Amino acid sequence: MTEPPGPPWALLAELTQACPLRCGYCSNPVELTRRSAELTTDQWSDVFRQAGDLGVVHTHLSGGEPLLRRDLPELVAAADGAGLYTQLVTSGLGLGEGRLAALTGAGLRSVQLSVQHADPSTAEHVAGARSFTAKERAARLVREAGLPLGLNAVLHRANLDDLDGLVRLALDWGADRIELANTQYHGWAARNRAALLPTPAQVERARTRVAFWRARLGDALELVWVAPDLVDATAKPCMGGWGAVSLTVAPDGTVLPCPAAGTLPDLDPPRVQDCRLSWIWRESSAFRAFRGEDWMPEPCRGCALRTVDHGGCRCQAHALTGDAARTDPACRHAPERPLVDALVDGAARTPHPPAYAYREGGP
Amino acid sequence: MTRPPAPPVRAPAPTPWRPVPARGVMLRHDPVRGTDLLLLPERVVVLDGSAGDVLRLCDGVRDMAAVVAELAVRHPGAPVAAEVPEFLHRLRKEGWLR
């Protein structure tokens, strides 16, 4: 019997899956939730209240592009009123002066802005949309409003070699932090795996540059490196453990232990329309499925790494082996690691990766 | 035409630091866990013991001496003069106080 979990710290509120960008690395599902199925303002407000009562202290207002929700200031106010620290995770498109003022007035605390590349045309090629100027402007407005600014850059074959450019962009735009997050191959990104997967040599060079910048910049800019689990042959401590730290509420009210878990076939995740968040967190079969260590197979069960990586990523295990309860094949000790070796070797031997598949049309 | 020389200006005395949480840093009590927290964009700092009570006095109005004096009244005999300034400087270095 797994012992009851402590309260969750964070809520990822996926307000919508609609987005003006069409990034090849998008980890949202291939089939996006339609706008008419999204939770209402009142339903979200109730989610924030329940989350606060449960012990959540942080909420990331994300998507898709959360600015596409016209009621975003009301949602920020509801989350703030529930005692939650609110961070907007945005493409920056649609973040004008008036909108930002309404959001800060409602209690918005910080902004995380996505960037694709330091070179505008490469950035727009990755994003599949005109976006660079809007992002630059959004960054300036956030700084002028005095809010902390973080950048997030998803790393892959087309931008790992210009890590220096991303760091300089963060400095130029006055960011406090940049998250350099290697691609997770979920949802749409899985379709583009061959286009996105970097070579081991690219990863090694980028890692060296991160160390260089950290030594040089000190406290001036926080650099967060989210490791490429497939190339490193090291399972990631996904979500800090299943149902251990945070929960995700999808646009249609589905509650998930991780944003990609909607792809797991037998999870049967509950919805906020049907159940209380506290019951979902503590009791639901979806949140208990891979909580703790009882579910672990060998070699995880007898491995010292299990307390570090919590068995790795369940969604990746399912995507690559067809069984979510297998050891994450990213891990060098996994029986199915040869599957991943073949992918990584394939990338290293491909001089010209294929073109991106872009999403067509909105949800 | 020559201008009259400007009167000599006395260099202003350095203003004492009046600590206050940095922008984007939120201090709150967590009734679920029974502790005080500092919330930052990507981080939660769990405050031990009376750290939260110290930070509640950091309102941008009191200078550090006033914070120490207030705590000395509240906790007679506690080594506040020795420990509190060091604690506050450490938080300033982290960027959590300004």
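Just so you know, glycine gets a Cβ as well, placed from its N, Cα and C.
Here is what TrEMBL says about this protein:
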BINDING   A:CYS19, A:CYS23, A:CYS26  [4Fe-4S] cluster binding site
DOMAIN    A:5-220  domain 'Radical SAM core'
(message) Under DSSP, is A:CYS26 ([4Fe-4S] cluster binding site) part of a helix or a strand, or is it coil?
(response) coil
(request) List the other residues in this chain whose Cβ sits within 8 Å of the Cβ centroid of the [4Fe-4S] cluster site residues A:CYS19, A:CYS23, A:CYS26, in sequence order. (result) A:LEU21, A:ARG22, A:TYR25, A:ASN28, A:GLY64, A:ALA127, A:GLY128, A:TRP188, A:ARG359
(request) Filter the binding-site residues A:CYS19, A:CYS23, A:CYS26: retain a residue only if its CB is under 8 A from a CB of chain B. Output in sequence order; output 'none' if empty. (result) none
(request) Would you count the other C-beta atoms found within 10 angstroms of the C-beta of A:CYS26 ([4Fe-4S] cluster binding site) for me? (result) 24
